[in-house]
Amino acid sequence: MTTTITPPETRGPAAAPVSNSLTAGKLPNGAPWMVLGASLLVSAGLFGVIALSGAEFNWVGTFVVAAIIYVATITLLSRIVEGGRRSTDRFVTALVTGAFLLAMIPLISLSITVVTFGLNRFDVEFFTYSMRNVTGEGGGALHAIIGTVLMTGTAALISIPIGLMTSIYLVEYGRGRLARGITFLVDVMTGIPSIVAGLFAYALFAIFWGPGTRTGIAGAVALAVLMIPVVVRSSEEMLRLVPVELREAAYALGVPKWLTIVKVVLPTSIAGITTGIMLSIARVIGETAPLLIAAGFTNSVNYDMTEGRMQSLPVFVYTQYANQGNPPEAYLDRAWAAALTLILIVMVLNLVARLVARFFAPKYGR
Amino acid sequence: MTTAAAPIRAKQRPGDRVFSKSAVFAGSMILVTLAAVATFLIVQSIPAFVADGEDASILDTNFWAYVGPLVFGTIWAAALALLIALPISIGIALFISHYAPRRLASALGYVVDLLAAVPSVVFGLWGIGVLAPAVQPLYSWLVDNLGWFPLFAGPVSGTGRTILTAALVLAVMIIPIITAISREVFLQTPVLHEEAALALGATRWEMIRTAVLPFGRPGIISAAVLGLGRALGETMAVAMVLSATGAITFELLTSVNPSTIAANIALSFPEAYGINVNVLIATGLILFIVTFAVNAIARWIVARRAEFSGAN
């Protein structure tokens, strides 16, 4: 054993005599970061020169050009040093990371826009006044907030019992054709476009109160149609997670089936069910189209679900934008403030739902 | 001892009976609701199918001539959105499932889910206020330099509120759905397949190409179709962003754009009266049928590969 493979003295492009095919021809670990930094510098320099001539510094352009330079450079470098296969790998890695960063652009842009424009009118008056007799500046979204709370609350009152009992039926009782049919129809219901739900509620209540009426209860029914399948789906999943042993233990002790469900199955899965219900509320609270069709829009506070039109936050956003008066800025500011309120409500619901899921989940450990 | 003892029958308690009956009742309510949706839409639509321009002021000749451009616009906008969203979503799903550091992965997934939580009307405001002005210079450039390409033919829209902008907003809205489903499917890839590929010397991309993507293909397809269904039915964002004229055209960047069914209903319904209401409800029925067919295809693809049933 006198011949030993001598390891290459230097790593990287300079390693001239290739003696070990496993370690030779590999870019150093920090190479991607160095290339990234270099491409950012080059791109910033390029746009900096353009900015010197008087134009504004183009941030988006800087990042786009930097990304293109980075992808091209790292692919080329890798092809020279590491060969075709690794070069393709690095190319795809750059693309996949780029796809993620690309999706972050609308999210960041949207958050910044909503917060900056929304804060213009995010004041006490906005939450304590309605739009009754308001033209131009001033006014608020109190009527819309009341309408949203009433209609979403009613929709939740309709859909939580139906959705929860349906999921109990599917998990605990359902056998045969009816159960399969219901599962299929819940899938169909998930796919109903929201505006079709609005049309349905409108057509349903046109029978009772004549064509052209728009009421809060019709809006609530439209929301319930959208909410029920979400509640069924999430609760069903949670109920199926309850171990069969728990049910069998209860049966072995002689507990009736309904008491087993109420006292054993539901308490075990209550955290997940609560999460699912809150997420479903978060989903329907931002629905605009069905409420525009079924509940209409108004400038006054209305507490009566069965009489008269009812405003809601998303429809408030839309009407403030669509029917701009004078000065238009006042209307746009109100629209953005309502959008900010809406997003905050949805975010809080999402956050609380996830916290509930995390902290109240049953402990399966022994 | 000749007759076998009768099987012991469970005692029927009132509580049991009430509970199981109400569970069955709630389940049947789903049937009733869907039947009601279908019935009301069909009943209200019938007058529209036979109406002409004299009965309903929004019709020029007959119902089918009215709904044709709308159906085209709906499918065209949704297809464009899917074309944009699908590659990006698969990239994001791969990034979260196979590229991002393990500890960050779930947090990054949550960040993408945040996009799904934004109400569509807010996307509409953002589309008009931020996106349309931002892409307008790009559109001008495309028309000036690539105008020979039929899709980019001029004259360019001055506001940027074209079908391509609407499709971009739709794409942003369906990315979270497609990403969530594809991510779940990618995570279900058998680890042994992945390790086998890596052990044979495959790079990470070769491992993904040979192990992850073939395994996840049905999941990706059904995710794409579900995203398409969502894009078909999306209303407010399109209604606000798109400045529609109702023409059938494939040009992406001009101010002549086809409208979509859902956006048209939202814009026309508040002022509709008489038979016009029935016409709009009939277009809603057609939208319902189209989305139903699209979703049914997705479910069928999922059901064919039972192991992906958990993916949705």
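Backbone N, Cα and C define each Cβ position, glycine as well.
The annotation transmembrane segment is assigned in TrEMBL to B:23-43, B:63-96, B:108-132, B:163-182, B:235-253, B:273-298. The domain 'ABC transmembrane type-1' annotation in TrEMBL covers B:71-298.
Proximity of the transmembrane segment (B:23-43) to the transmembrane segment (B:108-132) is not established, fewer than 3 Cβ-Cβ distances being under 8 Å for residue pairs spaced 6 or more apart. Three or more CB pairs closer than 8 A are found between the transmembrane segment (B:163-182) and the transmembrane segment (B:63-96), so contact between the two stretches is assigned (pairs 6 or more residues apart). Counting Cβ pairs closer than 8 Å to the transmembrane segment (B:235-253), the top stretch among B:63-96, B:108-132, B:273-298 is B:108-132.
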